[in-house]
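S.K.: Below you will find the structure I want to go over with you.
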Amino acid sequence: MISAAWSIFLIGTKIGLFLQVAPLSVMAKSCPSVCRCDAGFIYCNDRFLTSIPTGIPEDATTLYLQNNQINNAGIPSDLKNLLKVERIYLYHNSLDEFPTNLPKYVKELHLQENNIRTITYDSLSKIPYLEELHLDDNSVSAVSIEEGAFRDSNYLRLLFLSRNHLSTIPWGLPRTIEELRLDDNRISTISSPSLQGLTSLKRLVLDGNLLNNHGLGDKVFFNLVNLTELSLVRNSLTAAPVNLPGTNLRKLYLQDNHINRVPPNAFSYLRQLYRLDMSNNNLSNLPQGIFDDLDNITQLILRNNPWYCGCKMKWVRDWLQSLPVKVNVRGLMCQAPEKVRGMAIKDLNAELFDCKDSGIVSTIQITTAIPNTVYPAQGQWPAPVTKQPDIKNPKLTKDHQTTGSPSRKTITITVKSVTSDTIHISWKLALPMTALRLSWLKLGHSPAFGSITETIVTGERSEYLVTALEPDSPYKVCMVPMETSNLYLFDETPVCIETETAPLRMYNPTTTLNREQEKEPYKNPNLPLAAIIGGAVALVTIALLALVCWYVHRNGSLFSRNCAYSKGRRRKDDYAEAGTKKDNSILEIRETSFQMLPISNEPISKEEFVIHTIFPPNGMNLYKNNHSESSSNRSYRDSGIPDSDHSHS
């Protein structure tokens with residue numbers, strides 16, 4: 001009795017436990033009706049949702065909620081109870097604040113393409129295990145990031161803030177960050193403290209900002225000892241940055257800036273660098289030995305720069321020829337002087353560098369105010385046409401000296417013709433200047449009609465190349481300082497000199513353009529050689545045709561009279577063509593006579609008959625009928641062959 005009661009008690013206990021566990025199992029396996037659930041992956045994307053649906057299974061690990069219309073009010077508070085969720089995709093929604101109520105253990109959060117404006121400590125502190133944060137294409141600004149917002153994000157490795165409204169790099173970023181993307185913002189300055197302590201940073205992308213050389217702090221990248229990739233594409237740099245971390249840097253991208261010079265120490269100690277890209281800049285020469293420390297370089301890309309292949313670039317030719325096969329260098333193509341335009345620097349002979357040329361120097365003195373120091377925003381100056389080194393070309397320039405009133409500042413200017421349409425202007429300043437205005441005008445043209453061209457050059461520059469001028473034409477070049485130090489000039493009257501471009505006939509380039517350069521059309525004011533040759537051939541052809549026609553017309557009537565039969569053998573088909581009618585006989589031609597042999601059954605006579613040829617040699621008719629009224633059944637062709645079946649001797 002006791003055992004039976006005990007059995008009933010155990011069965012009741014099991015039933016009770018089953019009833020308690022059953023709802024939990026059903027809940028764990030439930031899925032929102034608007035979503036699709038598959039082994040921890042919850043697919044609620046692209047459904048025009050305005051809020052996150054309830055009833056998400058507790059064993060969910062990844063939530064796909066992108067491409068909806070979810071706003072901040074649509075994030076339920078019970079979402080934070082999903083403790084197994086590690087990845088949430090909420091991009092392309094309608095969030096305007098950093099979302100709260102997120103699962104505590106989320107590691108990867110995608111919030112791109114929303115309208116998030118603020119990042120607070122309260123929102124980030126609730127997800128302390130976050131490793132990847134994607135905030136691209138939002139409205140985050142530097143002032144909208146709360147100070148210390150990331151102080152508890154000790155696991156954050158990737159922070160993407162591309163295409164926002166940042167003007168500076170946010171302070172207080174966690175030391176654990178390995179990749180930081182800040183491209184396409186409005187960053188114009190980077191101070192050293194903003195990147196201080198980011199010793200784990202490996203990849204830094206700053207493309208498409210407003211950075212210039214004055215906006216980069218001294219040694220701003222120097223302490224990033226683990227940095228392997230630095231990208232500064234599409235900024236306003238005029239010189240390559242210096243003091244780069246040399247321990248681990250492997251990739252450096254500087255293309256699409258306004259770089260016109262490379263400091264001699266720019267790439268010092270970058271022994272691990274294997275890819276360097278400086279394409280689409282304004283480089284015309286490189287300081288000697290600039291690549292000496294690049295022991296591991298394998299890809300050097302320098303396309304679309306106005307390289308001036310003068311004496312200062314001869315060392316580059318020697319360096320290129322000494323490189324091993326594994327090193328791939330692209331874009332070192334001469335753009336000037338004209339005689340080597342389109343040629344690869346590596347292929348130039350030593351004589352083409354003109355290392356013995358000398359220039360002609362003109363001196364200009366101007367009066368300026370008391371110097372102080374004011375630096376305008378760099379990067380706002382227009383990109384120069386082409387900057388060239390001090391390559392000298394004798395016999396192409398004239399001395400022009402203009403002297404102003406006595407002053408405390410002297411500018412020494414060199415003006416010389418480089419090609420028939422290019423002049424090179426260089427200058428030296430005794431005292432620092434912030435900016436100068438450079439202009440040029442073809443003499444004989446009125447400035448009122450827009451023929452004058454001017455540009456602003458920074459005080460850091462010392463030379464300028466003016467292109468697209470007219471050959472053998474006089475030009476007036478003027479220069480005036482816009483600012484010296486902190487005070488404006490009392491007198492901004494420009495000081496001008498006159499120069500002259502070289503004649504076109506002095507340049508006759510015979511080079512072949514490289515594949516990467518567009519071939520220029522051949523320009524020649526004279527009649528093209530091909531047209532002359534074609535015309536001559538046409539005239540000769542017409543003359544020959546006329547001569548042939550005249551000859552045929554003259555000799556056509558004599559053709560039949562001059563024809564004579566060959567003494568050789570003729571095929572039987574030739575007789576048919578000549579009008580000969582064949583009988584039951586075989587004609588056998590023997591030299592100048594032929595023999596007729598009957599093929600009848602009668603015995604052949606032993607007597608040999610010889611029939612002489614009746615064909616007259618001159619092709620005239622042999623038979624004449626003096627009686628026109630009498631008819632005849634025989635008639636002769638013009639060739640003397642009778643139409644009858646028998647020949648007559």
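Note that Cβ sites are derived from N, Cα and C of the backbone, with glycine treated the same way.
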S.K.: Which one of these stretches, 38-67, 218-247, 248-277, shows up in Swiss-Prot as region 'Interaction with ADGRL3'?
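M.R.: Of 38-67, 218-247, 248-277, Swiss-Prot gives region 'Interaction with ADGRL3' for 38-67.
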S.K.: Can you check which of ASN282, ASN555 Swiss-Prot annotates as N-linked glycosylation site?
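M.R.: The residue tagged N-linked glycosylation site by Swiss-Prot is ASN282.
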S.K.: Can you sort out which of CYS334, CYS355 is the disulfide partner Swiss-Prot gives for CYS309?
M.R.: CYS334
S.K.: Tell me which of the disulfide-bonded residues CYS35, CYS309 sits in the most Cβ-dense spot, judged by other Cβ atoms within 10 Å.
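M.R.: Its Cβ has the most other Cβ atoms within 10 Å: CYS309.
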S.K.: Within 10 angstroms of the C-beta of CYS31 (disulfide bond), what count of other C-beta atoms is obtained when all protein chains are considered?
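M.R.: Excluding its own Cβ, CYS31 (disulfide bond) sees 17 Cβ atoms within 10 Å.
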S.K.: How would DSSP class CYS31 (disulfide bond) in three states?
M.R.: coil
S.K.: Please count the residues of the repeat 'LRR 6' (176-197) that DSSP assigns to helix (H, G, I), strand (E, B) and coil.
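M.R.: Tallying H, G and I as helix, E and B as strand, the rest coil: 4 helix, 4 strand, 14 coil.
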S.K.: Tally the residues of the repeat 'LRR 1' (59-80) by DSSP class, grouping H, G and I as helix, E and B as strand, and everything else as coil.
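M.R.: Tallied per class, the repeat 'LRR 1' (59-80) gives 7 helix, 3 strand, 12 coil.
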S.K.: Are there any residues at least 6 positions away along the chain from CYS44 (disulfide bond) with a Cβ closer than 8 Å to its Cβ? List them or say none.
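M.R.: Expected: PRO32, VAL34, CYS35, ARG36, ILE52, PRO53, LEU63, TYR64, LEU65, ASN68.
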S.K.: Neighbour count, 10 Å Cβ-Cβ cut-off, for CYS334 (disulfide bond): what number do you get?
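M.R.: So the number of other Cβ atoms within 10 Å of CYS334 (disulfide bond) is 25.
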S.K.: Neighbour count, 10 Å Cβ-Cβ cut-off, for CYS37 (disulfide bond): what number do you get?
M.R.: 17
